[in-house]
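Presented below is the structure to which this report refers.
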Amino acid sequence: MHCLPLTLLLLLLCSRAEAEEIIGGTESKPHSRPYMAHLEILTLRNHLASCGGFLIRRNFVLTAAHCAGRFIMVTLGAHNIQKKEDTWQKLEVIKQFPHPKYDDLTLRHDIMLLKLKEKANLTLAVGTLPLSPQFNFVPPGRMCRVAGWGKRQVNGSGSDTLQEVKLRLMDPQACRHYMAFDHNLQLCVGNPRKTKSAFKGDSGGPLLCAGVAQGIVSYGQNDAKPPAVFTRISHYRPWINKVLKQNKA
């Protein structure tokens with residue numbers, strides 16, 4: 001079964017999978033998700049792309065490793081990404097830290113830290129998001145939330161405004177059709193009997209369970225049928241802490 005990474009590629013000329021967006025969700029209340037980051041990316045193939053991400057320190061954003069590029073500009077404090085507001089903060093990424101074991105074929109270890117050129121100013125529209133502890137286990141059946149600027153329809157375009165959707169954490173067996181799925185590294189998210197999912201353009205965004213980031217949008221099926229695969233943050237807390245410490249975050 002063909003899978004595709006959830007990176008919102010705006011030029012659909014390459015054979016790579018694209019990013020995810022929110023399908024079956026609703027528009028977020030403006031600035032109710034102050035940790036959300038919109039990433040504008042010049043890819044390694046010189047294409048334009050976009051992803052989601054989230055602020056975890058004033059100068060660090062967490063996202064998916066498949067969102068890496070030659071150049072990344074981060075916008076914080078946005079709701080409608082096409083209408084600039086006084087709440088916006090645009091910050092250049094000066095260093096990218098993809099996980100050293102990231103595999104571009106299997107999309108395992110699909111996690112990356114981005115160091116910003118300047119520290120963000122924390123406001124009502126810009127804030128940080130707490131991460132799952134290392135040994136935190138979120139049981140199947142838990143309802144969580146995902147937000148992003150991705151597509152709202154399989155054949156549609158990306159959303160200008162931030163969208164969000166409630167998704168159910170599934171038993172790992174529900175993702176057994178994904179050959180590279182590893183429940184130790186990843187989460188299986190989205191009820192296959194529903195039409196709600198993250199889709200193209202949502203890659204890198206957070207999965208929130210009880211106000212804590214438990215996952216990162218990674219990949220799903222090219223028809224957006226759930227479940228999709230999310231990177232399990234708790235597994236990577238030692239690596240995240242190491243990078244932050246070494247870079248004085």
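Backbone N, Cα and C define each Cβ position, glycine as well.
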Cross-link partner of Cys209 (disulfide, per Swiss-Prot) out of Cys67, Cys144, Cys175: Cys144
Protein Cβ atoms within 10 Å of His66 (active site, charge relay system), excluding its own: 24
Candidates Cys175, Cys188, Ser203 (recorded positions) with Cα within 10 Å of Cys67 (disulfide bond): Ser203
Of Cys51, Cys144, Cys175, Cys188, Cys209, i.e. the disulfide-bonded residues, those within 10 Å of Ser203 (active site, charge relay system) when Cα atoms are compared: Cys51
